[in-house]
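Taken from Swiss-Prot, the feature coiled coil covers 4-71, and the record attributes it to experimental evidence. What Swiss-Prot records for S386 is phosphoserine, and it gives experimental evidence as the kind of evidence. Per Swiss-Prot, the feature region 'Chaperone activity' maps to 1-100; the stated evidence is similarity to another entry. What Swiss-Prot records for 1-79, 100-125, 372-420 is region 'Homomultimerization'. Residues or ranges marked as region 'RdRP binding' by Swiss-Prot on the basis of similarity to another entry: 1-50. Look at Swiss-Prot and you will find 1-175 tagged as region 'Viral panhandle binding'. The region 'Interaction with glycoprotein N' annotation in Swiss-Prot covers 80-248 and rests on similarity to another entry. The region 'Interaction with host RPS19' annotation in Swiss-Prot covers 150-175 and is backed by similarity to another entry. According to Swiss-Prot, the feature region 'Viral RNA-binding' maps to 175-217, an assignment based on similarity to another entry. Under the heading region 'Interaction with host UBE2I/UBC9', Swiss-Prot lists 188-191. Annotated region 'Involved in the inhibition of IFN induction' per Swiss-Prot: 252-296, in sequence order, evidence recorded as experimental evidence. Positions annotated as region 'Interaction with host DAXX' by Swiss-Prot: 372-428. What Swiss-Prot lists as motif 'YxxL' is 178-181, and the listing cites similarity to another entry. For D88, D103, the entry in Swiss-Prot reads site 'Important for the endonuclease activity', with the evidence type similarity to another entry. Taken from Swiss-Prot, the feature site 'Involved in the inhibition of IFN induction' applies to S386.
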Amino acid sequence: MSTLQELQENITAHEQQLVTARQKLKDAEKAVEVDPDDVNKSTLQSRRAAVSTLETKLGELKRQLADLVAAQKLATKPVDPTGLEPDDHLKEKSSLRYGNVLDVNSIDLEEPSGQTADWKAIGAYILGFAIPIILKALYMLSTRGRQTVKDNKGTRIRFKDDSSFEEVNGIRKPKHLYVSMPTAQSTMKAEEITPGRFRTIACGLFPAQVKARNIISPVMGVIGFGFFVKDWMDRIEEFLAAECPFLPKPKVASEAFMSTNKMYFLNRQRQVNESKVQDIIDLIDHAETESATLFTEIATPHSVWVFACAPDRCPPTALYVAGVPELGAFFSILQDMRNTIMASKSVGTAEEKLKKKSAFYQSYLRRTQSMGIQLDQKIIILYMLSWGKEAVNHFHLGDDMDPELRQLAQSLIDTKVKEISNQEPLKL
């Protein structure tokens, strides 16, 4: 740790730099007022950034100085024979040792938590871009998502494409698409776009384009999404025409429609219409005037594609279509089922196997319901009864080798290992 004198010298030096930087900022502001060209504007931005950086650094140094002074005061105090810290409220020492001091200075309580994203602002921002850059960014954050997040964690990245530009004084300038790649400790602003929020809004606004380009997240690929959507219209129409176990059977054959899943969905649509939120209605209205490909009922060729890139909640543009939020919940249960199967067949202790299980459904449910709508569990049951068995049979379980071929190869491995060593052969 720096000594008291070093910190004081550092603070003095930064204060001098800050005075100079503020003077340069004033000069830059005057220059922009006189001649507002790109060079002067760029200089002004860099001057502002320099002042902001110096102010942040100076504040940090002053906090360090205060901490150091406080630590020195504590060090000079006689050690309490009970082992208690001077400001601990306990009268007797706890059985737990003292741990880390967590500095919460950087946390801003005015900022909302992740569940309260401003979808209206996020949607308006995304709709201001050309479709090619949105789809390319979606590809990078879904199909190549794991690598993109790993390479850029803790930063705010910018996507750039020739299709996205703005003209300033007749000059074309790139229009960057900003996405924040948070760490577990990051606090996100309501209008800030994270990979999860981006996948949610992009899939919700442009499902037809996602379908046309067949952009599928690996997380959805392994639960057989590609197979599931292949004959989607036949599948959903057959499902809607089927008899619903949650409706009373009609007394006369002419009223058979009254007991179908279609009728249950019509009743559900009436319930959903009563729980609409104004911000999301405004977003849908704005999207309809732009190039978005929205839909009003689940029996639409591209409706299922809002989940192709595994958004972490139901997209707001599809939230008020009966059966769609529940369809997303069905997919999240399939992800949990596949991970449970993978954990069950893996080698390891019960604790290690439990760690491999997932909670996609709980996360999806919590995030979607925080948008102001309660999921109808009966619809999820209907999906599971109709499609669950078929979906599980099309899971990709990472075991494509024929059992007989595996057994033959394993016997050859066992024989060779025993010939050259006395170690136990591993399983293929």
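Keep in mind that glycine also has a Cβ here, set from the backbone N, Cα and C atoms.
Positions of the features from Swiss-Prot, shown on the structure.
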residue	record	Cβ within 10 Å
D88	site 'Important for the endonuclease activity'	13
D103	site 'Important for the endonuclease activity'	9
S386	phosphoserine	17
Across 80-248, 252-296, 372-420, the most C-beta pairs under 8 Å with the region 'RdRP binding' (1-50) come from 80-248
List the Cα distance (Å, whole number) between D88 (site 'Important for the endonuclease activity') and D103 (site 'Important for the endonuclease activity').
17
So, by DSSP, how many helix, strand and coil residues make up the region 'Homomultimerization' (1-79)?
70 helix, 0 strand, 9 coil
Quick one: Cα separation, the residue listed as 'phosphoserine' versus D103 (site 'Important for the endonuclease activity'), in Å?
52
Does DSSP put D88 (site 'Important for the endonuclease activity') in a helix, in a strand, or in coil?
coil
